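Visitor: If you look up TrEMBL, you'll see 1-11 marked as compositional bias 'Basic and acidic residues'. According to TrEMBL, the feature region 'Disordered' maps to 1-21. Here TrEMBL flags 126-151, 157-183, 339-364, 384-404, 411-434, 466-489 as transmembrane segment.
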């Protein structure tokens, strides 16, 4: 979730470490890089944890900010005060510039305005936030109803399985969310909160609503950044907090989806394929609704994560509407192919072999993540907390691929999707060979140790045997096509080269994108000015 950096920036521009009024040395905290280049100076960011006014020294003279390298991180207030500070004419959106020494101030204001133009809160984002909440709640409610329906008709095994897949991932997601709050407080990147706020946070986390809590914070910060009386610096401050909470919510939602929605979708498809038609038609409708909402939640969580990740990376261009649509289609088709293939595989083999095959895929994924070394829950890779996170992220890789490398990813996607495609092809081949074997010839003793007795539902047997394999292969091919279309025509970089040198393609020193998933409010402010420590009551 953050990248630890200490000392001075080690690049072309001399950006000093922030110090307090007592002359304390540089601290380890989140870093935020610019939109301009990967070699841009690191900007330090930390919220003050003391009531007295925090003094900040900026070693760069004011006139140096007039250079083209000036960016938003150099001019943002340290914190958002409780009371509106009388804004200076140079940074107020509603007041024109009236000072005579307007050169540097005009440039500063232009940088802040450009940041708000690109990353500022828009009314349509409120609709997207509400849609994220709707998909989450509908997915949970449909699964909860199936727990009740299975239990009412006496299918206790399916009821408890559905309940376990509902509760365990929610507890893991809640644990990660609370751990991130603790980490943010340790490095003082989270604004001070009142006991009432923490009580509400813990209450809603107890209800397993961690993504909704963070989305509510993001909506609050986004709406607050639109207030007309705010200075530009405070508007940027609120916007950065909005991006921060949105990115955390997107990551939590993605983890929850691949630990709950994906297994839940796989389980419900298996029940539909292998069990008879339910006595109550409404239960069949609930199963179909549960499958659809789980599939929609999975696709949307990946799209939301990609959008939030790029918005929170200040040096990255935002995803366009066309890019979002193509990315959603890419992921939805890939997920449909993968989960349907796994459901067909689970319907014909013994549970031990299904678990062994999926477990081997998970083990290889975790091994790769540990080898690469993520730093999402700790500033240092290969710690115990990072290992736990890699184990959870490995569950995501059982169903789809999430790119965690900065730089060229074509070789990585080629390897992963080739592996997934071969696994899907093997599953569909076994389905074609053995799905109706017992109808014509009973299973031999040497086959029963691997294959389960055929107990497919009547409506599955009425469907031509080739239909489901065609759906698996066709969805995979269309997903690959959408991926290529996205990278060629709609990628935000707009400069994707089809051919790159081999030494660049096989470069293993690429930076992981996950550690800097979200920005935090930078520490550097106007030269030699003190900023007011935020009051606890200011924040929801």
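Yeah, the Cβs are placed from backbone N, Cα and C, and that goes for glycine too.
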Visitor: If you count Cβ pairs under 8 Å, which stretch among 339-364, 384-404, 466-489 touches the transmembrane segment (411-434) the most?
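Guide: Stretch with the highest Cβ contact count: 339-364.
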Visitor: Excluding the flanking five residues on each side, which residues at least 6 beyond the ends of the transmembrane segment (466-489) place their CB within less than 8 Å of a CB in that stretch?
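Guide: Distant Cβ neighbours of the transmembrane segment (466-489) are 322-323, 326-327, 329-331, 333-334, 336-338, 340-341, 344, 413, 417, 420-421, 424-425, 427-428, 431-432, 496, 498.
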Visitor: Do any residues of this chain, six or more beyond the ends of the transmembrane segment (339-364), have a C-beta under 8 angstroms from a C-beta of it, and if so which?
Guide: 262, 265-266, 269-270, 273-274, 295, 394-395, 397-399, 419, 423-424, 427-428, 430-431, 434-435, 449-452, 454, 456, 468-469, 471-472, 475
